[in-house]
Structure formats: C-alpha cells, structure tokens
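Following: one structure in structure tokens, then a few remarks.
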Amino acid sequence: MDSSTATAMTAPFIDPTDHVNLKTDTDASENRRMGNYKPSIWNYDFLQSLATHHNIVEERHLKLAEKLKGQVKFMFGAPMEPLAKLELVDVVQRLGLNHLFETEIKEALFSIYKDGSNGWWFGHLHATSLRFRLLRQCGLFIPQDVFKTFQNKTGEFDMKLCDNVKGLLSLYEASYLGWKGENILDEAKAFTTKCLKSAWENISEKWLAKRVKHALALPLHWRVPRIEARWFIEAYEQEANMNPTLLKLAKLDFNMVQSIHQKEIGELARWWVTTGLDKLAFARNNLLQSYMWSCAIASDPKFKLARETIVEIGSVLTVVDDGYDVYGSIDELDLYTSSVERWSCVEIDKLPNTLKLIFMSMFNKTNEVGLRVQHERGYNSIPTFIKAWVEQCKSYQKEARWFHGGHTPPLEEYSLNGLVSIGFPLLLITGYVAIAENEAALDKVHPLPDLLHYSSLLSRLINDIGTSPDEMARGDNLKSIHCYMNETGASEEVAREHIKGVIEENWKILNQCCFDQSQFQEPFITFNLNSVRGSHFFYEFGDGFGVTDSWTKVDMKSVLIDPIPLGEE
C-alpha cells in the first residue's frame, strides 16, 4: 500500500464547517471573481422533506403492478410474428419498463437475431430499421448492408419511401446507431431528416406527427431514457393501438421508481446542507441537477449506490470546478493541486479559508464513499478515487494557467484536457466502483479506456456548445469553439457548426466502442451512453445545469417530483 492510500484509509474525518466561518471568512474582503450564478430555485427544506414525505406508493398499487408484470411476461411468451415481438420490446423499453423484463427482452432479441437468416424483414422499411436498431442497442451486430435494398444503383434512397412516414421514422432512429465509415447510414440520416422535416406538418395521425416532431428535436439514441419514459407514457396513451396493460404498468412503475428516487433526494439534501458548500456565493448550488444527472446515468433502483455516490462526488466536484475557474489564484491552485496529489491535509492551512473548506469537503467525502464501498462491495476503491481526483485537478490547473496566461491552445490540446476537466471520467469511475466485480476490475479504468475517453469527450463538446455564450459573458475559461476560431480564423457560427459535426462523428466512434469494450460489464457501457445523453439534456439548448431556472426545470419536476396521475382504476 502506498503512502497516499495509507493516509486515505487512516485519516480522521474533518468537519470543515468547524474550521471555516463563512460569515466572517477573511476571503470575503479580497477581490475575487464571481461566477454570477443565480441561487438555486429548489427549496432545500422541501427537498429534505422528501426523505420522509415522498410519493408513497399504496399497497394496492404494488399488488396491481405485480399482477400486470405477470400479464406482460405472458405476452413475451405468447406466439407472435417477429415484427410484433420487436414492437413489444420497443414499447416496453420506451415506457421505461425494461428493468422489469431484462431476461424476456434479451431472450426475444436473441431469438430474432438467430432466426434472421430467412430474411422476413426484407423490403419492409419499418421492420428492417426497427430490427437493426434494437439488435445493435442490445450489442448484437447487424451490418448496414441490410438497407441497400432501399437504395438505387447510385446509392441514393428511393424517393418513394418519403410516403412511408412510419418507416422513415424508424430508419431515422436507426441511423443514429451508425459507426464511423458506415456511409449508408450517413445517407439514411440525411435522407430521412430531409423527408421528415417536409412531411411532419401534414401527417394525419396525431400520434405519429407527435413522434416525428419529437425525434427531429433530438433522436431517441441521444435522449435520457428516464425522461423519455415520462414523455412516452403520455404520448403512448393517445395512440390508437395502445396496450392498456403496458400503459397501466408503466404509470405504476414510474411512480414506484420515482418514490425511491425522492427518498434518496431527501437524504442527499440533508447531507448537502451540512457541508457548508451551499453557502459559497461564487459557486453553483446544484444538488438536484446532480441528482438528475445520476438518475440519467443509472435510474434503475438496483443502482442506488452508484446514484448516491455520483451525486455526492459530483456535487463536491462542481464546487471544486468553480474554485479553479473563478476563485483561486494560480499560486493557491498550485498548492491545492499538490495537496490532492499527496492526498494530504498537511499544507492546506496555507490556503484561504474557502479553498480549505472545499478541499476538506472533497477529502472527507471521497474517503467516506471509499469506506461505504468497502462495506457494501468488499474492496478498497480509495486508490482509484485518488488517481481520478489527481487527473481531475491537474486538468483544472492547466485550464487555470491557460486563462491567467491569456493562452488559447489548439483544439486538439484543449480537447484532450477538456475530456478530463468536464468531470465525467471521475463521475463514471464513481459509478463503475459501485458495480465492479472485484478490486482487480478497478484497474480497467486506468489509463482511461476508449469507452470513457469518447463519452467524456462528447460531454465536453456538448457542454461547450451550450455554455459558451454564458461563459464568454462571464469572462470564463476558453471553450472548444474559441480554440477552433483562434486556430483557423473561422467565425463563431462556422466554429459552432464544426463542433456539432465533431460531436456527430464522435457519437459514431462511441457506438462502436460499445461493441469493442468487452472488458466491461453491460451496465457500465450503458452508464457511459447515458452520461452523454444527460449532456444533451442539460446543454442542447443552453446551460441547463448552471442556470437552474431553465427549460430543464419542467422535465426535472416531472421526473423527480410530480407523480403520474393514475386516474380511475
């Protein structure tokens, strides 16, 4: 055991609020930058109350849900055509019920995959596309060549397909599962996007028009499953061929899972207000946003340890980020970083009180999470956390030096550092620690594997697209858009479009990584995909994470706070 590990395992926990009086903090009189973030719109007394007054699920609803689960299992076992089985799987997944029927879904998809030699889907656009998407999502490779039958001799898609809106929509969604170099899927994406944009206002079926509009705003593959489930439950209710059993179970299950999440939110809110970090005026106070992100990554109730530790580490991480970005001087940040590298509190008395508070909160919470993992999972994860924190803070330190030195790095240099500074290697490693098979498996995340590299790079670039206007106004650190503008002389509009193109290309690489990263168990692959989906949710239309009173508020409230009305039973 090295010295840093020994320190982590034996160091006493320190109450940072015993050592720092935020009201008389000597830092307050100094000329410090401010993040200018608005106060949180979420009432912490209310959030804490969710621990004991959450959405309680009635006993009769639990019994009804069990009955309906049995009926759905019977549906999976009943004889049906392959397309009907695919559509059942699709609806179950989109309703957010896949965590209840993991075995049935896998058996159904493997059966369809094995029976593919007879080509039952051939010439049927919807069937071909749905089969392609669901099997690739499941980790079963289907070649892009299955779509050649819909192209002419020059490789163009037949314009007659534009009349088949349902098939077009399925092909559109399937195209986002493509890999780099799969030109047929690139053509499919461009073709279906153009056709659907020109057709959706004239679609007679309201439910189909609603689905098309929703998909064009953001494809299914890029959406957060838990948020999508809430939207789809309401949309599915309006469909003519809606299955009442699936709909009723989806509503009940959504509320039951939400009840679990609400209890966790309440307990986490109680912890957060004891840290003192919520009182720092320059930093973001975003506990509920952090929980929303953990819920995006791992909403399944069985991932409680992953969710809670991601929120705890993530909430502290946000304040550490703001400390580097807007608060600390270079000398202070160098001392902070060296203390993280030593994983020691010995020299932090040389730091100003506020940075001391942040360091001790980070140190304590990380050691506390490590001890919890030791208790619940049976292995020592603290060395893994220390490595991740060191890389995290060194990336922040580099950005601070760029900022204070007035240096604009090339896009590639910025991106390699930025994929770490975005924080997702640390957060995803936190999630991985909660589900790893054993201590030896923790070595798989150092050095950073491609799966983590590309998911984190995507989150960095998506974040940059959404936050660059606000951060430019604050005079904050550079973003990829500015680096590209400086490197090439491009306008901001051209640079923004370039970064969007880079995002699309890196999604293709990440899609392939999901097949190539066989050293990881499936939940961790999904964690990575979901982390990028969370980035799309928070940053697709601006800074929905830093600005709490934004468009994200409605979805967060519907997913985390408001249960679905069940109506008459």
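Positions of Cβ are set from backbone N, Cα and C atoms, glycine also.
The annotation (2E)-geranyl diphosphate binding site is assigned in Swiss-Prot to R284, D321, D325, R460 on the grounds of similarity to another entry. Per Swiss-Prot, the feature Mg(2+) 2 binding site maps to D321, D325; the stated evidence is similarity to another entry. Taken from Swiss-Prot, the feature Mg(2+) 1 binding site covers D321, D325, and the record attributes it to similarity to another entry. Annotated motif 'DDXXD motif' per Swiss-Prot: 321-325, in sequence order. Residues or ranges marked as Mg(2+) 3 binding site in Swiss-Prot (evidence: similarity to another entry): N463, T467, E471.
Feature map: annotations from Swiss-Prot on the structure.
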{"residue": "R284", "record": "(2E)-geranyl diphosphate binding site", "CB count, 10 Å": "23"}
{"residue": "D321", "record": "(2E)-geranyl diphosphate binding site", "CB count, 10 Å": "21"}
{"residue": "D325", "record": "(2E)-geranyl diphosphate binding site", "CB count, 10 Å": "21"}
{"residue": "R460", "record": "(2E)-geranyl diphosphate binding site", "CB count, 10 Å": "25"}
{"residue": "N463", "record": "Mg(2+) 3 binding site", "CB count, 10 Å": "24"}
{"residue": "T467", "record": "Mg(2+) 3 binding site", "CB count, 10 Å": "21"}
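Counting in whole angstrom, N463 (Mg(2+) 3 binding site) lies 15 from D325 ((2E)-geranyl diphosphate binding site) by their C-alpha atoms.
Across the motif 'DDXXD motif' (321-325), the prediction's mean pLDDT works out to 95. Restricting the binding-site residues R284, D321, D325 to those with a CA within 10 Å of the CA of T467 (Mg(2+) 3 binding site) leaves an empty set. Helix, strand and coil content of the motif 'DDXXD motif' (321-325), in residues and according to DSSP, is 5 helix, 0 strand, 0 coil. Reduced to three states, the DSSP call for R284 ((2E)-geranyl diphosphate binding site) is coil.
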